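S.K.: Sharing a structure here in structure tokens format.
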Amino acid sequence: MKRMNFLRILSVLFIFSIAFTACNNDDDSKVEPNSISEYKTPKYVFFFIGDGMSTPQINVTEAALNDQDFTLKSASISSTVGIGKLNIRQFPVAGMQTTHAEDRYITCSAAAATALATGYKTTINTIAMNGERTQDFTTMAEMAKAKGMKVGIISSVSIDHATPACFYAHTPDRNNYQEIGQDLIASGFDYFAGGNVRFNKYKDYSLNNFITDATAQGYSYVNTKAGFTALNANSGRVIATLKSLETYTGDSGAMPYAIDLNAQESEDDKITLADFTEKGIELLDNENGFFMMIEGGKIDWACHANDVVSSAMDVVAFDEAIGVALAFYKEHPDETLIVVTGDHECGGLTLGFASTDYETSFDLLKHQTESYFIFTNKVKAWKQAGTKTFEQAMTEVKTSFGLGDESKGLGLSEYEESLLRSAFEKSITGQNGYSADEAYVHYGSYDPFTVTVTHILNNKAGIDWTTFQHTGTPVPVFALGQGQYEFSGYYDNTDIAKKIIEVAKYQ
Ligand SMILES: [Zn+2]
């Protein structure tokens, strides 16, 4: 009804503007009205959220992987990524969103995801509640479920982490993992997949308690490749994760970084975000339609650690999951809407660095073979053993990052070597002559040696970082399918949820 009136007003304005233009030809300050407002209500909605992903993360991924020789360490990642080649490039409509929280300009994943899931601003660390934490906000996933649709929530970090939690849980603090786990079970949503729950944060509850309670509510808990492959449309409610996360040897309950995928020993740990998305379609497709939220959560974590290669590889893994939705869209173009965005930028990542002037050497990044996370675990072991010399450590750096290898164009200047030596001392002995605040500017809360290695490698490529936390940089939005044109323009993160809820008629 509202739309009809709007169209009528538009057509009146249009006739008026023709009459006006006829007698005043030099008025080109006017913007053509957007008349593309016809669309069908999408039965299938995919909402992709790249955590910590804004334009620098997307662009650096295409630039870094443009080199033909880039050795892609993940079995699942195709070698054809390069400038202009991400699936995101196929989206016909782009917009831009502001991300600020109710009480802080630079947001966190909880406040941002509350905005994206509900259409309301909230305060830092709050999960789908108002800023005062006195009232729950209904999420678009809950609305879709109430309409009889099936709902899937997928994340490469723990499934109770802030971003996924904001679609099914309501709690004053993102660290209330036990409450979030219980909300997960009570949601009745059909498919949870990716990382596990963070049961090590439970107060008086365990993973066994969680599985028992989930099973009582009709969920199957699956953590093997065979079990995952066997899942089908008749499997009922499913929680699917990776085997190693059962014993919590992983990275805070998250899936491994895409760059480390091949290094996983068990096939049970080699299920990708794209695999989880593809299975989601198989499990959720039904006559009432579905809503699926897919988060690329470790793009953010790699950016917190200022490791651009691990971030880029996770952007590719995220983009491959988008590719799965694109293939589905091609089969159901009249019934599908796909929206892709990030929740905030992370790291203050930029393309361009002081010492390289206008030049970039993104091809140097191809020599990194593992994530900062794996390398930091090695440094921790050296610290414990207490026998590793700086020279020995640099041999390992050469193997894992190429840094120090002149034949690869990665020889070190005296200045760079002094930075590495100082960081190594800090990592192994805790001493390097820096005051605490000076050390924080250099290393954040990360292992000093590892973060100095990634900084120097990134800088040599012509890339730099301003922070170990999020930034207030706006974030792009991409849309494809029914209602896609609603997503063009420059608006607030709360508007994205409002647009999806309106287009899909969730309310
Ligand atoms: Zn973050």
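Placed from the backbone N, Cα and C atoms, the Cβ positions cover glycine too.
OK, TrEMBL features for this one:
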- 1-24: signal peptide (SIGNAL)
- Asp51, His161, Thr163, Glu295, His344: Mg(2+) binding site (BINDING)
- Asp51, Asp300, His304, Asp343, His470: Zn(2+) binding site (BINDING)
- Ser109: active site, phosphoserine intermediate (ACT_SITE)
S.K.: Relative to ligand 1, which of the binding-site residues His161, Asp300, His344 have a Cβ found under 6 Å from one of its atoms?
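M.R.: Close enough to ligand 1 are Asp300.
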S.K.: Looking at Cβ-Cβ distances, which residues of the chain lie under 8 angstroms from His161 (Mg(2+) binding site) while being 6 or more apart from it?
M.R.: Ser109, Ser155, Arg174, Gly195, Arg198, Gly253, Ala254, Gly297
S.K.: Taking only the Cα atoms, work out how far His470 (Zn(2+) binding site) lies from His344 (Mg(2+) binding site), in Å, as a whole number.
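M.R.: Here the two Cα atoms lie 7 Å apart.
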S.K.: Take the C-alpha atoms of Asp343 (Zn(2+) binding site) and Asp51 (Mg(2+) binding site) and report the distance between them in angstrom, rounded.
M.R.: 6
S.K.: Could you check the binding-site residues His344, His470 and say which one's CB has the most other CB atoms within 10 Å?
M.R.: His344
S.K.: Would you count the other C-beta atoms found within 10 angstroms of the C-beta of Asp343 (Zn(2+) binding site) for me?
M.R.: 32
S.K.: I need the most crowded of these binding-site residues: Glu295, Asp300. Count other C-beta atoms within 10 angstroms of each C-beta and give me the top one.
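M.R.: Of the binding-site residues Glu295, Asp300, the highest Cβ count within 10 Å belongs to Glu295.
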S.K.: Given the binding-site residues Asp51, Thr163, His344, state which is nearest to Asp300 (Zn(2+) binding site) when distance is taken between Cα atoms.
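M.R.: Closest recorded candidate to Asp300 (Zn(2+) binding site) by Cα: Asp51.
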